[in-house]
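The feature compositional bias 'Basic and acidic residues' is assigned by TrEMBL to 319-331. Taken from TrEMBL, the feature region 'Disordered' covers 319-345. Under the heading transmembrane segment, TrEMBL lists 28-46, 66-88, 95-117, 123-146, 158-178, 190-212, 224-243, 289-309.
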Amino acid sequence: NSTACPANATICDGTSCLLTGDNFNQTLSVVLSTVLTIMLALVMFSMGCNVEIKNFLGHIKRPWGIFVGFLCQFGIMPLTAFLLSLAFNILPIQAVVVLIMGCCPGGTASNVIAYWVDGDMDLSISMTTCSTLLAMGMMPLCLFIYTKMWTDADAIVLPYNSIGLSLVALVIPVSFGIFINHKWPSKAKIILKVGSIVGAVLIVLIAVVGGILYKGSWVITPKLWIIGTIFPAAGYTLGFFLARLAGLSWNRCRTVSLETGMQNTQLCSTIVQLSFTPEQLELMFTFPLIYSIFQLLFALLILGGYRLYRRHHVKTKTDVEKTTQKEDSKPSAKINGGFVSDEMK
């Protein structure tokens, strides 16, 4: 609609347009991508500074936690995406993007949140690495199983180079961080504190970047907003309970929960852009952004709830210790024949 949309709009539907021909947007995209890539490498380097080589290798040799995470990542999430698509009876092309999101590996933001909720960082890093590596085989398999009732799985282009780059961008900085922690533990603690703060800033930046780069308004069905809200919440919840049923400790349950609910939304957006026409993108492109917003929102709620619980738990524990010390001092005073004040009675 040339009267309603600018000449450089690539997708138009009445007053809803997607502007991609803006030179400012292109320049901003390159600059932000460079900055975010450098920041992400620094964050993953700092997260590696909290990983013990023995514990990390222990998870690889006895991969029960990784296996539980694998079941959550490539079992629960694709199945949940499939059931949500059926339950809300969305369009086939929209069901496909929901399934692509469900089949993606875990995102690196989960490592930062896992650190803040006192999760098992060795398990978190190993789960993210393994899910990204296994995604090269599991994504085509899951998409073949779940999407064939809506579309031909061959029509979906999987960017193996992007998956490979994600793996390299994860493994190399983390490896350096593990080495620093092994050689200079005291310096590693300082790097970790700085990196955790940078990681928090990075998560907020990634959330804001989408709003800056995509200025167009969209007419999108409310069903996708509802699915985008339910989906990450279901991932966090089901991941936690499955980990608990598997007998994992509480901190590992929190880790598996975050690794399950936090997906690699950037990879999903890349797959969608490579696989579908502009007309199809109009119906589905916003979903990765919606999921990204709500997975971050729920992660922050989990973090806030855990911090409140931890503060109350630590305070209660301290009070118990004080009471115990007070009670223990009574018999010792009597045994030693010491004076017992009125306050002690």
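Backbone N, Cα and C atoms are what each Cβ position is placed from, and that goes for glycine too.
Automatic prediction, not curation, is the source of TrEMBL annotations.
Count of Cβ pairs under 8 Å against the transmembrane segment (95-117): among 66-88, 123-146, 158-178, 224-243, 289-309, the largest is for 123-146. Long-range Cβ contacts of the transmembrane segment (289-309) within its own chain (Cβ-Cβ under 8 Å, at least 6 residues beyond either end) map to 101, 109-110, 113, 116-118, 203, 206-207, 210, 214, 224-225, 228-229, 231-233, 235-236, 254, 257-258, 261-263, 265, 268-269. Sequence-distant contacts of the transmembrane segment (123-146) (same chain, at least 6 residues past either end, Cβ-Cβ under 8 Å): 47-48, 51, 56, 59-60, 65-66, 69-70, 73-74, 78-79, 81-82, 99-100, 102-108, 110-111, 114-115, 153, 156, 158, 160, 163-164, 166-167, 170-171, 174, 252, 255-256, 258-259, 264.
Remote same-chain partners of the transmembrane segment (224-243), defined as residues 6 or more beyond its termini with a Cβ less than 8 Å from a stretch Cβ, comprise 65, 68-69, 71-72, 76-77, 80-81, 84-85, 88, 90, 94, 98, 101-102, 252-263, 286-287, 290-291, 293-295, 298-299, 302.
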